Amino acid sequence: MARYIFITGGVVSSLGKGLASAALGALLQARGYKVRLRKLDPYLNLDPGTMSPYQHGEVFVTDDGAETDLDLGHYERFTGRPATKQDNITTGRIYQDILTKERRGDYLGATIQVIPHVTNAIKEFVLSGNDGYDFVLVEIGGTVGDIEGLPFFEAIRQIRNDLPRGDVIYIHLTLLPYIPSAGELKTKPTQHSVKELRSIGIQPDILLCRTDRPIPKEERRKLGLFCNVRETAVIEARDADSIYAVPEAYHAAGLDDEVLAAFAIAAEEPPALERWHKINERIRNPEGAVTIAIVGKYTGMKDAYKSLIEALSHGGIANKVEVKLDWIESEVFENEDPAPFLEHVNGILVPGGFGQRGAEGKIEAARFARERDVPYFGICFGMQMAVIEAARNLAGIAEANSTEFGPTSEPLVGLMTEWLRGNELERRSQAGDLGGTMRLGAYPAALKRGSRVSKVYGDVLEISERHRHRYEVNTAYKDRLEQHGLRFSGMSPDGVLPEIVEYEDHPWFIGVQFHPELKSRPFEPHPLFSSFIEAALVRSRLV
């Protein structure tokens, strides 16, 4: 039977509960346990799919097509276990399910209330589908004291009483701020955070304390005394230079030992952390460096590109180099020459996005990369803009554009209306809702034999990648574009939807309709990112 670890946060938001959960999951996994990580999000949206990147950050897409919180990306990267739509739920989804049942008459006329109906729905979600796992780690989004989080805290309080004694523990992630004028770490915010947690019936078993310096023994003793936890359960979570150093740091601080002790499990062997040590050595001691320009439209919010940043880092690990990122707002190129911004970089990456703002700037970035032989990686929207650039400047289709931006006489990119998922035909219309109407999740793509991308993948002819898009390159222009050198080297198996384009006579120019960053892992870097960084490294030695 699975044991449950609930991770809560206090004092301030954005402390890194998702990263802490992922790191603990990796440590337990390194001890031979099977782990599952799940996330409860208290917001009222059904999912983050229609939320602004500036509000929410990245939308992480799973193989089964769920649009989820970016923390699920941390879970996958640290444990290697693919997440599913059953690993993330929001208040919105819970209320939708409850109200659907109420309209159907399932509650037989009962008054629907937060307790027991909402809390029971949360408990049912948390406790379902966990057979075969040793530990289930559940992160509760937000901060203790948030009004929208109260039903979730009540539900996890009840779960401890519902399950056998010793099958549930609570870990509270908190902040110890350093006050320079006083010259000390302050414990009072943590004390008040734990007081708030205890007032709703939850006594944390472990305090995970974010800090930028060692916790003195006296502060550790004070936290244990006033927060009612063992002194050994006050764990120091020091700031790290790399997120991949966190599992080793947490082990050194005793987190995994304390978790096992809380469950009365004897820690017989230390965790096998050799592979973590190996990649951290590569990160700390690179043999070179490359600079990649990310030409995007959400560059002011780095969390909007979280998986992308990590995938580039993985490419650097594979090539033993440091990857430096130069963030460029794509709108800049609509009024200025891109050369001064891009001449010094070793590679250009244009990521996914939606809407017309900044599109012309991305087209200019693709043109610069093509004309100057700079390695170019276009992802989703970045592929579409590269195709429009080729149509305008190589094929002579001056009015080439995307219908996403409005009516056009030359729709190089248009709205998909139907596609195959397995053997089933899925349909969409222009008038459909924005939420949940995209081509989402894992789909296969057939690669052309002998193409660059086929070689990058190891000479395979079919791959499976995750998608999140509503628009697609128009195959009516395929022949004209190929006549001018843009090769369609990957298509959907039925030959209807373009998946990959490339230039054969370019050092490295690949556009993909899918999101390869979502499947990259530190121990298994995605081949496209490894190859892209390798090409950037070659260029760095030429200029």
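Cβ coordinates are placed from backbone N, Cα and C, and glycine is handled just like the others.
Listed features, source Swiss-Prot:
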- His515: active site (ACT_SITE)
- Glu517: active site (ACT_SITE)
- Ser13, Asp146, Ile147, Glu148, Lys186, Thr187, Lys188, Pro189, Thr190, Gln191, Lys222: CTP binding site (BINDING)
- Ser14, Leu15, Gly16, Lys17, Gly18, Leu19, Asp71, Arg238, Asp239, Ala240: ATP binding site (BINDING)
- Tyr54, Gly353, Phe381, Gly382, Met383, Gln384, Glu404, Arg470: L-glutamine binding site (BINDING)
- Asp71, Glu139: Mg(2+) binding site (BINDING)
- 291-542: domain 'Glutamine amidotransferase type-1' (DOMAIN)
- 1-265: region 'Amidoligase domain' (REGION)
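Cα separation, Glu517 (active site) to Lys186 (CTP binding site), rounded: 39 Å. Looking only at the recorded positions Lys188, Lys222, Gly382, Gln384, His515, the one with its C-alpha closest to Gly18 (ATP binding site) is His515. Taking the recorded positions Asp71, Glu139, Asp239, Glu404, Glu517 in turn, the residue surrounded by the fewest other Cβ atoms inside 10 Å of its Cβ turns out to be Asp239. Here Asp239 (ATP binding site) is compared against the binding-site residues Ile147, Lys186, Lys222, Phe381, Arg470, and the shortest C-alpha distance is to Lys186. Listed binding-site residues: Ile147, Met383. The one with the lowest count of other Cβ atoms within 10 Å of its Cβ is Ile147. Within the model, the region 'Amidoligase domain' (1-265) carries an average pLDDT of 95. Ranking the recorded positions Lys222, Arg470, His515 by how many Cβ atoms sit within 10 Å of each one's Cβ puts His515 at the top. Put simply, of the binding-site residues Tyr54, Gly353, Phe381, Gly382, the one whose Cα is nearest the Cα of Lys222 (CTP binding site) is Tyr54. With respect to their backbone Cα atoms, Gly353 (L-glutamine binding site) and Lys188 (CTP binding site) stand 43 Å from each other. Of all the Cβ atoms in the protein chains shown, 14 others lie within 10 Å of the Cβ of Lys186 (CTP binding site). If you count neighbouring Cβ atoms within 10 Å for each of the binding-site residues Tyr54, Phe381, the highest count belongs to Phe381. Taking Asp71 (ATP binding site) as the reference point, the binding-site residues whose C-alpha atoms are within 10 Å of its C-alpha, out of Ser13, Glu139, Lys186, Lys188, are Glu139. For the ATP site listed in the record, the two most distant Cα atoms among Ser14, Leu15, Gly16, Lys17, Gly18, Leu19, Asp71, Arg238, Asp239, Ala240 lie 20 Å apart. Looking at Ser14, Thr190, Gln384, the binding-site residues in this record, the fewest other C-beta atoms within 10 angstroms of the C-beta turn up around Ser14. Ranking the binding-site residues Gly16, Gly18, Lys188, Gly353, Gly382 by C-beta neighbours within 10 Å puts Gly382 at the top.
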